[in-house]
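S.K.: Not my notes, these are from TrEMBL:
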- B:1-38: region 'Disordered' (REGION)
- B:26-38: compositional bias 'Basic and acidic residues' (COMPBIAS)
- B:236-292: domain 'CBS' (DOMAIN)
- B:317-338: transmembrane segment (TRANSMEM)
- B:344-370: transmembrane segment (TRANSMEM)
- B:391-414: transmembrane segment (TRANSMEM)
- B:420-444: transmembrane segment (TRANSMEM)
- B:456-480: transmembrane segment (TRANSMEM)
There are 2 protein chains.
Amino acid sequence: MSEPDLDEKLKEDEAAAPESGQDFASPEHESLDEENRLKPEFVRSVKEALDEEDFDRVYELVEPLHPADIADLFELVDEDERPVLARSIRDLMGVEVIAELNDWVRELLVGALPAEVVAGIAEQLDTDDAVAMLEDLDEADQQAVLAEMEPEDRAAIESALSYPEETAGRLMSRDYVAVPESMTVGDLIDYLREHRELPTEFWEVFIVDALHHPVGTCALSWILRCPRNIPLYDVMSRDQTLIPADMDQEEVALRFQKYALISAAVVDPSGRLIGQITVDDIVHIIQEEASEDILRLSGAGDGDINEPILMTVRARLTWLCVNLGTAIIASSVVGLFQDAIARFALLAVLMPIVSGMGGNAGTQTLAVVVRAIATNQLTDTNTVRMILREFRIALTNGAALGLLIGGGTALLFGNPLLGAVIGAAMVINNLVAGLAGILVPVTLERFKVDPAVSSAVFVTTATDVMGFFSFLGLAVLTGLA
Amino acid sequence: MSEPDLDEKLKEDEAAAPESGQDFASPEHESLDEENRLKPEFVRSVKEALDEEDFDRVYELVEPLHPADIADLFELVDEDERPVLARSIRDLMGVEVIAELNDWVRELLVGALPAEVVAGIAEQLDTDDAVAMLEDLDEADQQAVLAEMEPEDRAAIESALSYPEETAGRLMSRDYVAVPESMTVGDLIDYLREHRELPTEFWEVFIVDALHHPVGTCALSWILRCPRNIPLYDVMSRDQTLIPADMDQEEVALRFQKYALISAAVVDPSGRLIGQITVDDIVHIIQEEASEDILRLSGAGDGDINEPILMTVRARLTWLCVNLGTAIIASSVVGLFQDAIARFALLAVLMPIVSGMGGNAGTQTLAVVVRAIATNQLTDTNTVRMILREFRIALTNGAALGLLIGGGTALLFGNPLLGAVIGAAMVINNLVAGLAGILVPVTLERFKVDPAVSSAVFVTTATDVMGFFSFLGLAVLTGLA
């Protein structure tokens, strides 16, 4: 038992050491606020220095920043300042900065550079980052850059580009450590020490058989803790999650999350190891995919605030036009009851309440269902149970709201029939909302349509149409108007 | 250069080896569909076996599953089947399964167990998982369980519980490897080999000074690749991200994402190392926090499909009642124009188009802005630029939609004035939507109110009220009705 010794040693050191006045914040803390964002004052000084063309001052300000913060800085300065900023901090523009840049910001900067410079950057980047940089260039520019690259790097990028976007093949890194199962722990350590060209950061070693098929995985902590003479075969875990190269990145992210993976082997259709995916890339994807669902549900397109404004306008306007169509359908339902409204205009005053509340209830259900589908929590197995669950919720909420608004209307306007009609319409429209909120996304999912993209249109059409129809229809039916 | 040798060796092996017929899917593949979810047939067989009380069959079916899939299975069977399932697979209910269970499902199962059994489970779990299990119990049950635990484990959990929920202190693991800076690479490897009680999986080693303050971090891959005699002082990275124990988990997740961390040291206010957070816990948080934003924007509460139905009803109904208030405000605006509507009922037919389209446009902006705030992309520095951006988008989209609907209305109803009125109202309401969509969340954020929770109410109130007011008001003003 020498663990206590170490503790002992630490304690002795502690007793002897003078009080440390060291500051433990990250080195760039002066430019960051308490939420780790660049301070407005700091960004303002950079912008002022850029304005005054005091490029030494710009360099001096930016130099202490972490590459991720330099990348953020590019987003925060104005679009026309970005190329100037890049020029004034040229030798700080390392691969880490390029890799961290927002796609649109990077495209702007990269677009301004000659092909051979871009090729030079791409050669230094990890394959996945190089691909991210090149995949959005147009075909001709992409070819020009690839032509300038070393054959080996070019081959890696071309191979990555041969997989569809957002698949494991695009995402994977071709730098990984794979060794044959015959090695011992000692052999592996020697091999790692001798081979300087291996990646410097990796978390697991893949053990492959003679056909380069992965047969197991060794966490580095296990290797460090085993005697040298133990064969890797006895240390490795055989329980692996292999990622086919054509798997969608959202699916990959779900596997990482479900099985708490740090890295995973990517295999080709014949089962050969061709790359690895590490969790740091997955973190971005989980963030992106979850954000995508919010943005798609609300029809906000890509939602990237750095996207060129015309693309944003186009994406949002397309969605608004689709919604205009549904609004016209709903409005034509109201049109059917125009005479009733002319006779009893109070109907027009109250009808938006019924349709609006249905819309709100539908959106609630939709948000829950879309997330449950995206995270694999809602599957064929529990769909029926969830439909019943939403039905019960809708009935309860509809009844509560119906009583509330029905009672209120009856009292306020001294018209019990009007209260009964709006109360009943509220119950009906809540049921429509709850059922549409789950049936629409579940059905779309079954037809392999992304439920986040198109569900909202159908659900709000249903709640608008049924809201107006049930309220105005009941009003006419009961002889109210 | 012996790297080619290894390749050579692999190639030789390959030539000699027979074609492997090994299946590379995970061992439980028969029970999983292509998206890695449990197949409905499989779940059905488990439910049938539970129904027939054939517990051996249940065990046989569940045994090959990964713990994460066993946890999923509990979600997929009915609520009353869960305790029976737990009993029939008692010795498969390892800590991994407990840790992976949905909070609500776990609460149900744990609630049914005596305190000493729960204490036994908690002792085996990592502190963070044990805390997750115990934090939702009521005070008395929690105390009963803690009283049954070993003093050391109890102390760890009590210390975790002393931090507020959703902070680094709750989340961190107290199992980590920290060594003094005086060690060499060889010392460290020996230390790790000798001390069996150290955690088995870790990705980085923290180097601490005499006061137990972290001074650097060593990735295991660097240690493996260095000669034994090199001091850790020369290998470690001094560029660390230290997490204060009271930092909010969302903030922690953003740091991990920004700096691509695998693990990070958690420090107390005096800067002493007290725990570590690893990226696998962060992956869940990113997913949760992003989902939370969707669910909050739509007022769906927690959105957990396993939540007891009464809690779901309460959460959603609260939100619907708030919205009922805003709907009544909007409706009272219509009430102001009741006479105009009685004279010209077509206004009632068209008015939902103006308010609805404003609502859609506002939701788009809101979704983008809420995500940009949550991911630290929208800061004080670029708020003004983003407001201008949304203004331009709103103006463009409003003009386009105004022309479309105005022109259409003028032609369809042969009434150019009506077309002009609805077109102008559309432009106005789009501007209201765009500005409210950004100003509301930005203002709430400034007052430290979560913009995802309350923005939607304000934005839809604004677009409904202004939609009705601008359209009906212009109609009256121009003498249309």
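Numbers here mean position along the shown chain, with the first residue as 1.
Glycine too: its Cβ is placed from the backbone N, Cα and C atoms.
Just so you know, TrEMBL annotations are computer predictions that nobody has curated.
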S.K.: Of the listed stretches (B:317-338, B:344-370, B:391-414, B:420-444), which one yields the highest count of Cβ-Cβ distances below 8 Å with the transmembrane segment (B:456-480)?
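M.R.: Comparing B:317-338, B:344-370, B:391-414, B:420-444: B:344-370 has the most Cβ pairs near the transmembrane segment (B:456-480).
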S.K.: Which one, B:317-338, B:391-414, B:420-444, has the most C-beta pairs under 8 Å toward the transmembrane segment (B:344-370)?
M.R.: B:420-444
S.K.: Under 8 Å between C-beta atoms and at least six residues away from its ends: which parts of the chain pack against the transmembrane segment (B:317-338)?
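M.R.: For the transmembrane segment (B:317-338), the sequence-distant neighbours (Cβ-Cβ under 8 Å, at least 6 residues beyond its ends) are 299-301, 347, 351, 355, 457, 460-461, 464-465, 467-469, 472-473, 475-476.
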S.K.: What are the helix, strand and coil residue counts for the domain 'CBS' (B:236-292) according to DSSP?
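M.R.: So the domain 'CBS' (B:236-292) is made up of 24 helix, 15 strand, 18 coil.
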